[in-house]
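J.: This is the structure I want to talk about, given as structure tokens.
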Amino acid sequence: MSLATLDLGAESQLSDKKAVRKRLHGLLSSLPSDHVQRQSVNATNLLLSLPEYKNARSISIFMSMPSGEINTRDLTKHALSSGKHVFVPYIYKPKEPRQDNLPASIMDMLQLADEEDYASLLPDKWGIPSIPKETVPDRANSFGGKGISNGDSPAPDAAGLDVILMPCMAFDQDLNRLGHGKGYYDNFLTRYCSAQTADGQNRKKPFL
């Protein structure tokens with residue numbers, strides 16, 4: 001059993017997402033840490049070899065949990081040391097009144113300054129390295145502004161993200177992604193890709 005191939009038994013269809021997530025949580029939690037580390041190295045090396053990563057100027061990388069998923073530490077450090085603009089998730093409650101169809105909590109991508117900034121991130125209640133709230137207003141966001149966006153669309157002249165690395169619990173054979181069930185990435189991608197550029201064209205979808 002590995003991060004790449006997990007036997008879900010009868011619950012093999014992502015259509016029953018609640019049951020699949022429950023089953024996967026137990027399976028992923030039981031994986032030995034050395035196994036996860038080997039898989040993390042393999043995944044990192046694969047991504048580093050892709051032209052989409054090599055040519056990327058701006059990249060969004062999820063901050064990994066302590067166990068049960070690919071560790072993104074080495075990838076984040078490599079991207080920063082390579083001079084790429086690295087953005088990481090920041091989840092918050094947008095100010096009231098919220099925009100139509102905006103959930104109670106949303107996610108933006110905020111920029112890390114450098115490796116020292118990354119090393120200074122402290123774990124949240126899930127053990128995930130997180131941006132301190134007091135530093136948020138001074139950070140660039142992936143929508144072309146500063147701090148949180150409160151659900152606003154990207155600025156038309158913003159350069160944008162070239163690559164977005166997303167967490168997931170599983171993929172099916174058709175490469176449909178099963179996330180953790182909160183919908184943060186679905187909402188972010190909808191907001192991000194719905195904006196138009198300065199010349200009226202639809203914003204280019206990042207490599208996912």
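Cβ coordinates are placed from backbone N, Cα and C, and glycine is handled just like the others.
Sharing the record's features from TrEMBL:
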BINDING   LYS17, LYS18, ALA19, VAL20, ARG21, ARG177, LEU178, GLY179, HIS180, GLY181, LYS182, GLY183, TYR184, TYR185  ATP binding site
BINDING   MET63, GLU69  substrate binding site
J.: Write out the long-range same-chain contacts of MET63 (substrate binding site), meaning residues 6 or more apart in sequence whose Cβ is under 8 Å from its Cβ.
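T.: In sequence order, the residues whose Cβ lies under 8 Å from that of MET63 (substrate binding site) (at least 6 apart) are THR72, THR76, VAL88, PRO89, LEU121, ILE128, PRO129, SER130.
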J.: Measuring Cα to Cα, how many Å separate TYR184 (ATP binding site) from GLU69 (substrate binding site)?
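T.: Cα of TYR184 (ATP binding site) to Cα of GLU69 (substrate binding site) measures 18 Å after rounding.
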